[in-house]
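Comments concern the structure below.
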Amino acid sequence: SMVLGYWDIRRMLLEFTDTSYEEKRYICGEAPDYDRSQWLDVKFKLDLDFPNLPYLMDGKNKITQSNAILRIRVDIMENQIMDFRQFSLFLGKKLTFVDFLTYDVLDQNRMFEPKCLDEFPNLKAFMCRCFKMPINNK
């Protein structure tokens, strides 16, 4: 099965699509040093062309960087997320890579400022719609 290595945070797309994978979590230490030795001890031993997190290993295929990994799973241009003028277009009948990117960006903003979407009902509605959709298996 696939192996996903990442910091101890998100793995939404694989979970949502019910994809079988082995998980390798790397935990960053606490402030002020933020010890990264869990990752640094194995970083150059994984035979990755560009050793970085996240990484995805699927057989002979070894990929690093979030967007590169997501492109492998779903071939959608990520730059659409930046164009909110077309907001209603990127969430269609099925969730796509762009929807996950959008959700992630909005959710991270809410972590820093929980009320940041209060004046944007369309974005709040998008957040609610995302995970009310049925799971899209492969």
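Using N, Cα and C of the backbone, Cβ positions are placed for all residues, glycine too.
Copied from Swiss-Prot, the annotated features are:
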BINDING   Tyr6, Trp7, Trp39, Leu40, Asp41, Val42, Lys43, Asn52, Leu53, Gln65, Ser66  glutathione binding site
DOMAIN    1-71  domain 'GST N-terminal'
DOMAIN    72-135  domain 'GST C-terminal'
MOD_RES   Ser1  phosphoserine
Three-class DSSP secondary structure - Asp41 (glutathione binding site): coil
Tyr6 (glutathione binding site), number of other Cβ atoms within 10 Å: 18
Rounded distance in angstrom between the Cα atoms of Ser66 (glutathione binding site) and Ser1 (phosphoserine): 19
DSSP residue counts for the domain 'GST N-terminal' (1-71), split into helix, strand and coil: 18 helix, 20 strand, 33 coil
Site with most surrounding Cβ atoms, counting all protein chains shown within 10 Å, from the recorded positions Ser1, Ser66: Ser66
Spatial separation of Ser1 (phosphoserine) from Trp39 (glutathione binding site) - C-alpha basis, Å: 21
